[in-house]
Amino acid sequence: MRSSCVLLTALVALAAYYVYIPLPGSVSDPWKLMLLDATFRGAQQVSNLIHYLGLSHHLLALNFIIVSFGKKSAWSSAQVKVTDTDFDGVEVRVFEGPPKPEEPLKRSVVYIHGGGWALASAKIRYYDELCTAMAEELNAVIVSIEYRLVPKVYFPEQIHDVVRATKYFLKPEVLQKYMVDPGRICISGDSAGGNLAAALGQQFTQDASLKNKLKLQALIYPVLQALDFNTPSYQQNVNTPILPRYVMVKYWVDYFKGNYDFVQAMIVNNHTSLDVEEAAAVRARLNWTSLLPASFTKNYKPVVQTTGNARIVQELPQLLDARSAPLIADQAVLQLLPKTYILTCEHDVLRDDGIMYAKRLESAGVEVTLDHFEDGFHGCMIFTSWPTNFSVGIRTRNSYIKWLDQNL
């Protein structure tokens, strides 16, 4: 009996050691976040083992775990009709909210899920619940795009998928089929989905063939650049769940089908050192010392290397492509963008990407709403139902939907 108690105590201690990580006191539901992070880390470690054994690519294994535990079939309710279909060969899940008697045509949001261009799905519970809530509360049609993921495809194929599906949806006959007002359409996405939404928004402003334009764009903690991994938010949240800095850098390398040997050099900004001539032209477009308010820069110092590794940018020219890094787009492109909503979280390495983009858009004359949550963490908006229900998740979702309701 005594030995059993000792063993149980040891196991509990080991579990607590694995789960516990130091978190800022201001983050929402810290113990719940620790448990969520421990679960995700455990899944990552299992997928890495599978990769090491040669059984599958680690991202395929990890996404199999995520989708297996969270996939939801297209289930319609009394209020929202849900169907799986494809738009020009790209899978989508369509949520049709209830019509308003006084409005024969509905508004619409094209939504792009996050997951580092490699994980998640439009068909998992978290995104299904978000899009169902949007469709019902906005009396809208929500198109959630099931774009292809790394490692099956790499940049820029994810962009091609979302552009192809959205262009198909914008056809007059398709909008008519879903009873959508062509003047009330928004593009939106979270994290890597926010990146794709921003890239699509920029591309559509330059596409003269499009008869129907987007009214709004709404970007949720978007990832917008891979040239400076030492912004104040990257420094402040270097190990903050659920997106530590090294994980974000690896997502970028995976997206570009790059070499993992580059990761450590990129973490210290060796890929954009002063001797890398290719990066010089865009350096000012992400100069956080001028783009961020003093309340965010605090006492952090820029990390600018004098000499670095020019080979990285030469082998990964995608780093300097505005389709992957919308933050570095020309001002002439930015000034054509529609009214914009950007949601950022304090405890997120990507916080400053969103804030800098908001500043650049405002400087280009675009009307921007920057919605910042002091207790938010990366990914929080999709965590709204038990057992992963967070207070800040519910508040961010409500704030996002409220803005859409008032502006779309």
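Backbone N, Cα and C define each Cβ position, glycine as well.
Residues annotated as topological domain 'Cytoplasmic' in Swiss-Prot, with sequence analysis given as evidence: 1-4. Taken from Swiss-Prot, the feature transmembrane segment covers 5-25, and the record attributes it to sequence analysis. Sequence annotations record features per position, and here Swiss-Prot assigns topological domain 'Lumenal' to 26-408. Annotation source Swiss-Prot lists active site at Ser191, Asp348, His378. The N-linked glycosylation site annotation in Swiss-Prot covers Asn270, Asn287, Asn389.
Look at Asn270 (N-linked glycosylation site): DSSP puts it in a helix. When the Cα atoms are compared, Asp348 (active site) and His378 (active site) turn out to be 5 Å apart. Asp348 (active site): 27 other CB atoms within 10 A of its CB, across all protein chains. Asn270 (N-linked glycosylation site) is 39 Å away from Asn389 (N-linked glycosylation site) when you measure Cα to Cα.
When pLDDT is averaged over the topological domain 'Lumenal' (26-408), the result is 96. Ranking the recorded positions Ser191, Asn270, His378 by Cα distance from Asn287 (N-linked glycosylation site) puts Asn270 first. Non-local contacts of Ser191 (active site) by the CB criterion (under 8 A, 6+ apart in sequence, same chain) comprise Gly114, Gly115, Gly116, Ile220, Tyr221, Pro222, Val223, Leu243, Leu350, His378, Gly379.
A C-beta separation below 8 Å, combined with a sequence spacing of at least six in one chain, links Asn270 (N-linked glycosylation site) to Gln305, Gly308, Asn309, Ile312. Neighbour density for Asn287 (N-linked glycosylation site): within 10 A of its CB lie 12 other CB atoms from the protein chains shown.
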